[in-house]
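Student: Look at Swiss-Prot and you will find H41, H45, E112 tagged as Zn(2+) binding site. Summarising the annotation, Swiss-Prot assigns active site to E44.
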Amino acid sequence: MIVLPNKVRIFINDRMKKDIYLGISNFGFENDIDEILGIAHLLEHLLISFDSTNFLANASTSRSYMSFWCKSINSATESDAIRTLVSWFFSNGKLKDNFSLSSIRFHIKELENEYYFRNEVFHCMDILTFLSGGDLYNGGRIDMIDNLNIVRDMLVNRMQRISGSNIVIFVKRLGPGTLDFFKQTFGSLPACPEIIPSSIPVSTNGKIVMTPSPFYTVMVKINPTLDNILGILYLYETYHLIDYETIGNQLYLTVSFIDETEYESFLRGEAILQISQCQSINMNYSDDYMMNIYLNFPWLSHDLYDYITRINDDSKSILISLTNEIYASIINRDIIVIYPNFSKAMCNTRDTQQHPIVVLDATNDGLIKKPYRSIPLMKRLTSNEIFIRYGDASLMDMITLSLSKQDISLKRNAEGIRVKHSFSADDIQAIMESDSFLKYSRSKPAAMYQYIFLSFFASGNSIDDILANRDSTLEFSKRTKSKILFGRNTRYDVTAKSSFVCGIVRGKSLDKTSLVEMMWDLKKKGLIYSMEFTNLLSKNTFYLFTFTIYTDEVYDYLNTNKLFSAKCLVVSTKGDVENFSSLKKDVVIRV
């Protein structure tokens, strides 16, 4: 670890795929409480800008921090990627503090699309922020557009809070020129922020929250000490369904269960977690997980690898102390309990955006202060991989699981998805067969539309057959050579329970790079949040899908795009009753 005079921390990580990865601690949307919710997320969208033909890049805003990364591709170099990312924050050697109203307006529209996307596919319910005075969704809404001048002032104010002590930088390689460049830019920031934000309200403990969830989860408040952080690292590397959450200076260990009986035993204090010592902890974490640790605990004064001897040699005492603290929090009700609930009728409170939720007090009734049993945890395997065809009945369940677990990766091709994970076969089956997970998986049917129409365009099946078997989406045609013939009509209007545009496009020079560039152009115009595309077996032919509230504008953009020599697009209007009758005539596509 290299520490600049203003406390910027720089790490060399030659194993990461990114060229540069930058995080800003104490800079997430928890800072929006008592301001306009969404300022942090809007700032993220305003800052990131790059040439998608030369770079891959992304950014994210979490509760307590913001992070950005960039990777060079094609003819660009690592140095180009570093300079591109730094340019998001600095202009002519000075920290950016000016944002045009037109750009702010476009990105607010994009935020509204992201809200729509996330609520169609996920259950975006941030319990901790809600209990601390925020909302269940804190990513920004379209009504921000009514206060553009105030929003712009808040964005400038937020930029002035950035200080050297907030900055963490990972680089793949660090030469003298790069280090000097960092000193001239991020190294020029003040060691402490020019504007000190107000303290974040303390969240309320001793609450039971009934909300959609794939698991029965208990958030246990523990002290944010070094030993407890090492204990969390130990548990995370060894077991599934254990993680942590932070808000302000508070730390919660999250423990999830698939068995309701075990969950209730843990809550009543009659059972403790069965934590076994493993042979060794390697700290072989992803760069995302490492960055999160440094940002959530900015007071860590050493490289995490400096603690590898301590976490292994002192694991017994660390885990005993952590186990005792967990149990004390259970007894004292320093917990937030999440109980899976999928009823739309049950509600006893709402956030300012009128999202309904049930919040109850966690009482001491039935507490047993002498545990007499232990609960086994799901152990991690080194690595596992499976391939699921689009016709497999478990397809949507696996997609749902990957969306609820950050350490599961999906890679899609024309025939199915390849899934990398670290579960045993028995554990993954137990999760997918659990009652709460099955209800969660079925509670957001919008994600299914992407695969319904992918199956329609890539197979010879009719829309009626596909809809009749939507739980398995039907297996694709196994013919390796299929010729897609486009009809005269380029637009088919349907009614579904989600608003989206999808279809197949073909072009002589069409490739993934051009489609990514197209996606970013649509994002800059505020018309979409993201666009998925799948390369079909026919040459230069892709399937596109995007959730959007601006369906006509997106259709017009795609319909007039000169890269497409042929196209067939479906435009869905949101409604209570599905109507796909326009696709029943044999005029759309023949395989």
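The backbone N, Cα and C atoms fix where each Cβ goes, glycine too.
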Student: Could you tell me the C-alpha distance between E44 (active site) and E112 (Zn(2+) binding site) in angstrom, no decimals?
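Tutor: If we compare the Cα positions of E44 (active site) and E112 (Zn(2+) binding site), the gap is 14 Å.
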Student: With an 8 Å cut-off on Cβ distance to the H41, H45, E112 Cβ center, who else from the chain surrounds the Zn(2+) site?
Tutor: G38, L42, E44, H107, I108, E110, L111, E114, Y115, G139, G140
Student: Based on Cβ atoms within 10 Å, give me the single least packed residue among the recorded positions E44, E112.
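Tutor: The recorded positions E44, E112 were compared, and E112 has the fewest Cβ atoms within 10 Å.
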Student: Count the Cβ atoms, other than its own, that fall within 10 Å of the Cβ of H41 (Zn(2+) binding site), considering every protein chain shown.
Tutor: 24
Student: Which residues of the same chain, at least 6 positions away in sequence, have a Cβ lying under 8 Å from the Cβ of H45 (Zn(2+) binding site)?
Tutor: A59, H107, E110, L111
Student: Where does the residue listed as 'active site' sit by DSSP, helix, strand or coil?
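Tutor: In three-state terms, the residue listed as 'active site' counts as helix.
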